[in-house]
Amino acid sequence: MKIFSVRQTVLPALLVLSPVVFAADEQTMIVSAAPQVVSELDTPAAVSVVDGEEMRLATPRINLSESLTGVPGLQVQNRQNYAQDLQLSIRGFGSRSTYGIRGIRLYVDGIPATMPDGQGQTSNIDLSSVQNVEVLRGPFSALYGNASGGVMNVTTQTGQQPPTIEASSYYGSFGSWRYGLKATGATGDGTQPGDVDYTVSTTRFTTHGYRDHSGAQKNLANAKLGVRIDEASKLSLIFNSVDIKADDPGGLTKAEWKANPQQAPRAEQYDTRKTIKQTQAGLRYERSLSSRDDMSVMMYAGERETTQYQSIPMAPQLNPSHAGGVITLQRHYQGIDSRWTHRGELGVPVTFTTGLNYENMSENRKGYNNFRLNSGMPEYGQKGELRRDERNLMWNIDPYLQTQWQLSEKLSLDAGVRYSSVWFDSNDHYVTPGNGDDSGDASYHKWLPAGSLKYAMTDAWNIYLAAGRGFETPTINELSYRADGQSGMNLGLKPSTNDTIEIGSKTRIGDGLLSLALFQTDTDDEIVVDSSSGGRTTYKNAGKTRRQGAELAWDQRFAGDFRVNASWTWLDATYRSNVCNEQDCNGNRMPGIARNMGFASIGYVPEDGWYAGTEARYMGDIMADDENTAKAPSYTLVGLFTGYKYNYHNLTVDLFGRVDNLFDKEYVGSVIVNESNGRYYEPSPGRNYGVGMNIAWRFE
């Protein structure tokens, strides 16, 4: 993670409702469609902002794990498995996910990267064109609705004058190669009717992978176009497409990891792999109705196709109720979010934001055997007979209200509520002897209030108290398989609810920020992994859990182009009721969550010439199962980078190199929670290297 300057970033209050960058100057980014513009210092919530330019400084630009490891409360781990995405959790929410992102609400330019059921993914984020990434933790994330243990909002750069074209490339260990092209620009300054801004980027990434059977290739395209219609309104078009083909190496037992961490024996036997194709587009209209009123409407639609081959032996698949070892999904999703903001007086200055959010998703899910018989013997890795055929629908309608009250010069109150309603309907089209009609439906409804009080001790020191209630429904994937191995949906799985209280302090220190947050979250009916085997996972409700912790962060810039960033997270996440069958797990640590995380970096980064830096990351041990009988050991990693940036008239050339895991530490990058065969461990590489180049030309 790189350092950002606090004075350079401003946020919409509480980061509510997916802000977008509207205009910019040298010191601030002006954010539209938000109740008011506030700094990170003045936001009464635990929030971190990482600047896009800092994210790209001497990094591969392949994964968010390169640049977000210093965000307190955020546990981001690279599985070394591009078939399953990063493992990402905020304050422990999302740690159970065996693939993709769970328990966290993701947005890219206002378009949800999280489906209506709560399942998300980061593979469509182009780091080459990111303006910034905002990470919200704590009670106010509930105002985003379902699956909001935390919120991550990614904003694409808004094109500015002069027009610029940039080519970039990175080559690293294990045959990893990324290259891309980006064009940005604008006509006018964005304030006059007819002014246009644009950002278009495309990237290709290929790798052999650190482990056996872990190669991947990804093609990604991203575009953002803005048109100033008149002095009061703007129209923005967002487009994104990603195409991934990735082998899946799977997990290893402890003995296998120690013997050879690069091996993937079952993956090669079953030829486990995944393909993903996703295309989406969005349209945002923003209008200033008066000096006191603003409105905006965001519409989007997309489609996603996935095919996955799993490592399931032939014998279980012969059961008439088994869904097979190949999954094919076709998803179509769309949504609309409309909101109105009013600033007025009710004895004190007050701001109201109200709106309505609607999302829906249709899914055609089919299952096939992952083998074909040849002379009576199975040949794995081939699509066989149809074993599952269903159409699933999920949709939500959420009205919301947020208010902000300036009670006095030093005291302010923020309060909001969202009523979240989620419906699920499954229609079974595969009815055979031994496999009956498993159609079913479910609905979930919950009021989600949140509020905070902020007091300004001085102009540079604020303290706050916040509380709220969160809500997390099962995803379609979590509903898809029953723990008893029978056919049909796991409709007995209930949504979880959580209550959070948080106190925090933020202090500006020169050109930097020191922040501290203390919190406690109690959850009922926590959704946890019941079993995981062969790439297939079933889930259950765990009763009560508690997360309590502390987050400390310090970001500072010094004279002479030196930058320092440091953070520490302590998170005690435990079961408050028994979730195990054969022993009492009450009081056990929840798996997949590190109790301690630390990060520190220092860099010398002038505008041009030589630059260099180092960073260190500590990850505490992570339990792999509910019984706490298996765990991934703690580790500390150190990285170094250096480069040279050359500016000559309209040309900028940046050449750099880096080494990661400098001391060649052997470690487990992530765990597969409650893997039934003890294959918990997903190893990460030892010392590895990379070199990169960026060339930009400005048409002035």
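Each Cβ is built from the backbone N, Cα and C atoms, and glycine gets one as well.
Keep in mind that this is a model prediction, so the values were computed, not measured.
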Fill in the blank from the handout: When Swiss-Prot is consulted, the range among 245-254, 335-344, 535-544, 575-584 described as transmembrane segment turns out to be 335-344
Handout entry: Given ranges 62-71, 162-171, 312-321, 672-681, the stretch to which Swiss-Prot attaches the annotation transmembrane segment
Key = 162-171
Practice task
Tell me which range among 86-92, 324-330, 611-617 Swiss-Prot lists as transmembrane segment.
Solution key: 611-617
Fill in the blank from the handout: Matching 28-35, 220-227 to Swiss-Prot annotations, transmembrane segment lands on 220-227
Exercise for the section: Using Swiss-Prot as the reference, determine which range in 280-288, 388-396, 586-594 is annotated transmembrane segment. Expected result: 280-288
Fill in the blank from the handout: Same-chain residues at least 6 beyond the ends of the transmembrane segment (500-509) with CB under 8 Å of its CB atoms are 6, 40-41, 44-46, 138-139, 142, 460-470, 515-521, 556
Handout entry: Structural state census, the motif 'TonB C-terminal box' (680-700) (DSSP three-state)
Key = 0 helix, 15 strand, 6 coil
Handout entry: Local confidence of the prediction over the domain 'TBDR plug' (39-157), expressed as mean pLDDT
Key = 91
Fill in the blank from the handout: What DSSP reports for the domain 'TBDR plug' (39-157) is 16 helix, 42 strand, 61 coil
